Amino acid sequence: MTALQDRAGTKATDRTKAKKISPWLVVVAGAIIVVALTYTLPPFRTYQLATVGAYLCVTAGLTVLTGLNGQLSLGHGALMATGAYTLALWQNKFNLLPVGILVAVLVTTAVGAVIGLAAARLRGPYLAGLTLAVAVVVPSITSTFDETFNSDQGLSVMLNPPPESMTNEQWQAWLCWGGALVTVLVLALLTRGRFGRDMKAVRDDETAARLAGISVARTQVAAFVVSAACAGLAGALFAVIAQSVSPGAFPLTLSLFLLMAIVIGGLGRLSGALIGAVLLVALPAVAHEIGEAAGSQRLEGNLALTFFGVVLVVVMLAAPGGLASLRVPFTKSIPFKKKGH
Amino acid sequence: MDRFVFLTFDGLSRGAVYAAFALALVLIWRAARIVNFAQGAMAVATAYVGYSVADATGSYWLGFLVAVVAGLLLGAGVERVVMRFVDHSSPLNGVVVALGLVLIIQGVLGMIYGNEFRPAEAPLSRDAFEIGGIALLSRYDLFVFGAVGAVVVLLTLLFTRTPTGLRMRAAAFAPDVSRLLGVPVGGMLTLGWALAAGVGSLAGMLVIPTELGLHPTAMDIVFISAFTAAVLGGLDSPIGAVLGGLLVGLLLSYISGYLGATVAPMAVLALLVIVLLSRPDGLFARSKARTA
């Protein structure tokens with residue numbers, strides 16, 4: 001086990017040494033690729049591209065929280081719902097999208113701060129259980145305050161038509177990827193510096209981190225707040241893409257999908273968050289086609305569900321470091337020996 | 001006042017189910033230091049099996065029995081095939097794998113049975129007896145109390161009075177020493193998972209007729225309530241889990257009765273937050289040494 005950790009450790013340092021490419025360059029390159037794609041892809045693919053961008057916002061934030069800071073949140077689906085509903089309420093009142101997105105992020109950040117304050121005092125399964133409860137409670141909130149949230153039907157989102165020079169899909173893709181690239185840039189800059197080191201120190205050994213002068217609670221709350229802001233942005237972008245919000249769009253399975261997305265790409269890696277975001281769009285699309293080919297409606301959604309579950313279990317058992325770590329297979333046999341607890 | 005009495009009995013009946021479900025969580029936590037987040041999904045899966053058998057044979061009780069046996073087998077299978085191979089160096093790994101199982105189980109159930117609510121009939125009347133004009137308990141409530149009571153008594157006897165129970169406790173408490181002394185630690189772990197999942201299935205069969213019916217996600221809220229109950233009891237204490245379950249049941253019953261059913265999940269969340277922040281080791285915990 002120690003051998004595995006050592007190897008992983010040295011690998012990690014190698015990687016950071018090798019990766020001296022500036023995040024600014026990556027983001028500029030990403031923007032160019034996205035713009036090029038929006039002019040070449042057919043409308044439906046462009047729409048899917050926009051969805052990948054929206055997912056990337058939340059997976060990037062979540063992988064920083066779970067991978068670098070070790071806090072497992074199942075409540076990010078609910079945080080996305082917070083952002084989406086905030087945007088819907090704002091748009092239907094003021095119809096001013098840029099401010100609306102900002103407000104959605106701010107409100108979600110505030111909610112995330114509340115959850116984060118509680119989360120900083122919790123560990124492992126307790127935190128997972130609490131955030132799971134947050135995710136399950138969303139429909140209950142929308143039904144209880146149905147005058148504001150309109151219960152299960154949800155709200156439609158009032159939007160101005162896109163600029164005349166571009167199609168709706170292009171506009172959506174630009175908007176979502178604008179958000180995603182800003183998110184990735186901010187997260188990359190944040191995690192490269194002191195904040196990133198603090199988060200990893202807290203994840204690996206709280207006592208040692210505290211001895212080194214790091215405020216454990218503050219770091220954990222900050223990590224949660226940052227990733228909540230990302231989830232709020234993603235929720236707002238989803239509300240824009242779908243032009244509606246409803247509790248059915250943010251079920252518990254969404255939070256589990258997000259978890260799958262960051263685990264499969266390798267926890268804590270922004271590149272892994274991108275792989276995960278692509279899979280979140282691609283796999284259900286494939287499952288949809290298989291379901292249509294088989295002529296079974298039951299198959300459609302559930303095939304993706306099953307597949308995500310299998311992927312999550314297999315990756316956790318075979319390669320806890322995610323797909324990128326598969327280059328060193330069979331680093332350990334699995335004797336049935338439990339560590340003392 | 002009548003309403004209060006009715007809600008109290010209703011709450012105790014619900015609470016008994018939460019107690020059983022929380023007990024299942026505590027059993028696995030004690031044996032393996034994993035909170036089994038797949039417990040709810042596993043219970044739903046066996047309930048589908050139970051009701052399929054009941055529909056096919058016309059006998060609810062046969063279906064009930066089959067569901068509990070299926071729970072035992074499923075629990076043993078999950079431990080033997082999946083959970084045994086989880087790397088326990090981080091507590092997150094077990095949680096993530098359990099959540100993966102949730103997705104698999106819900107997906108497979110959806111493919112086989114569809115994502116609609118299927119009606120699930122209670123085997124006994126749910127009309128309450130009246131004593132002095134006050135509605136108290138239904139036959140079904142009595143059945144719930146009897147079943148959960150029997151489970152609690154049997155588990156207590158198993159753990160305190162039988163060699164197997166002693167071995168299970170030893171294997172959980174000191175696995176290495178137990179192995180040296182000849183206790184089949186792996187087998188005890190499998191048995192623990194089987195028992196827990198069996199109890200979970202029983203709780204699922206008891207609770208599903210009182211809710212909307214069978215649905216792949218039918219147990220999500222029940223899981224949260226039972227998790228809250230287990231945390232209330234300290235996650236490590238079977239008695240605490242039972243008391244916690246009854247408390248949560250009562251609270252939910254009063255809240256649903258006086259404020260409306262949609263508020264209940266929020267009340268569970270609020271309770272969970274309060275307990276985790278004020279008494280993270282449970283209401284009945286003795287103070288422990290600091291770890292950090």
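Quick reminder: no glycine exception, Cβ is built from N, Cα and C everywhere.
Annotated features in TrEMBL:
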type	residues	note
TRANSMEM	A:21-41	transmembrane segment
TRANSMEM	A:47-65	transmembrane segment
TRANSMEM	A:72-90	transmembrane segment
TRANSMEM	A:96-119	transmembrane segment
TRANSMEM	A:126-145	transmembrane segment
TRANSMEM	A:171-190	transmembrane segment
TRANSMEM	A:221-242	transmembrane segment
TRANSMEM	A:303-328	transmembrane segment
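Using the rule of three or more Cβ pairs under 8 Å, pairs at least 6 apart in sequence, the transmembrane segment (A:47-65) is not in contact with the transmembrane segment (A:126-145). Long-range neighbours of the transmembrane segment (A:126-145) within the same chain, counting only residues 6 or more positions beyond its ends whose Cβ lies under 8 Å from a Cβ of the stretch, are 71-78, 81, 85, 115, 118-119, 151-152, 154, 246-247, 250, 252, 255. Of the candidate ranges A:21-41, A:96-119, A:171-190, A:221-242, A:221-242 has the most C-beta pairs within less than 8 angstroms of the transmembrane segment (A:72-90). Non-local neighbours of the transmembrane segment (A:21-41) in the same chain are 49, 53, 169-170, 173-174, 177, 181, 184-185, 188-189, 192; each lies 6+ residues outside the stretch with a CB under 8 Å from one of its CB atoms.
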